[in-house]
Amino acid sequence: MSAPEADPLVLFHKWMDEAEKAEPNDPNAMALATADAEGRPSVRMVLLKGADQDGFVFFTNLESRKGQELAANPHAALCLHWKSLRRQIRVEGSITRVSDEEADAYFATRARASQIGAWASIQSRPLTGRFELEKRVGEFAAKFGLGKVPRPPHWSGFRLAPRRIEFWHDRPFRLHDRFDYVRDGDGWHLEHLYP
């Protein structure tokens, strides 16, 4: 790996651009780790939908397990791993909800079937069978007909404001490169870590 950038977001976007060219499926897939109010962790894959100086954005059902955990404990970590590139990025930080306007704008870009699915899925609740879900999808499809599907009140997005971003690049004999950026006021403090 060449000398790291002073701004981790510049390096992040370079790596993401390379991942989008190299990864066949969902290069923006990331493991999102949350914890409940008692500190019990859970992790799942979600899709990164935006990254800038304000943070890393993803969208979800607010009533899901992750939504409830983020409401109770607004701290999280995410990890993007691209096996074909032998790279990984880990991010830690605090969580805030995106604005209703931002959530509405993203929701409007989703496929209609995904919009209806956001209404139909009572995410993380027990499901007696596939037919129950398909029935709910049909009910909401009939409700909205050919009209616009509004964003459900229980569906929005979160922004992880990074306080630490670590870039890992595989090297022979486990002598990997690790560059750790820690928020320092308005800038970043960079350290090269032992593998």
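Residue numbers in this text run from 1 along the chain shown.
Any Cβ shown, glycine's included, is placed from N, Cα and C.
Checking the candidates Lys21, Lys49, Lys66 against Swiss-Prot: the one annotated together with Tyr106, Arg110, Ser114, Arg174, Leu175, His176 at the substrate site is Lys49. Of all the Cβ atoms in the protein chains shown, 16 others lie within 10 Å of the Cβ of Arg65 (FMN binding site). Ranked by CA distance from Arg110 (substrate binding site), the binding-site residues Arg44, Val46, Leu48, Phe59, Gln88 have Phe59 at the top as the closest. Listed in sequence order, Trp168, His169, Asp170, Pro195 are the same-chain residues six or more apart from His176 (substrate binding site) with CB atoms under 8 A from its CB.
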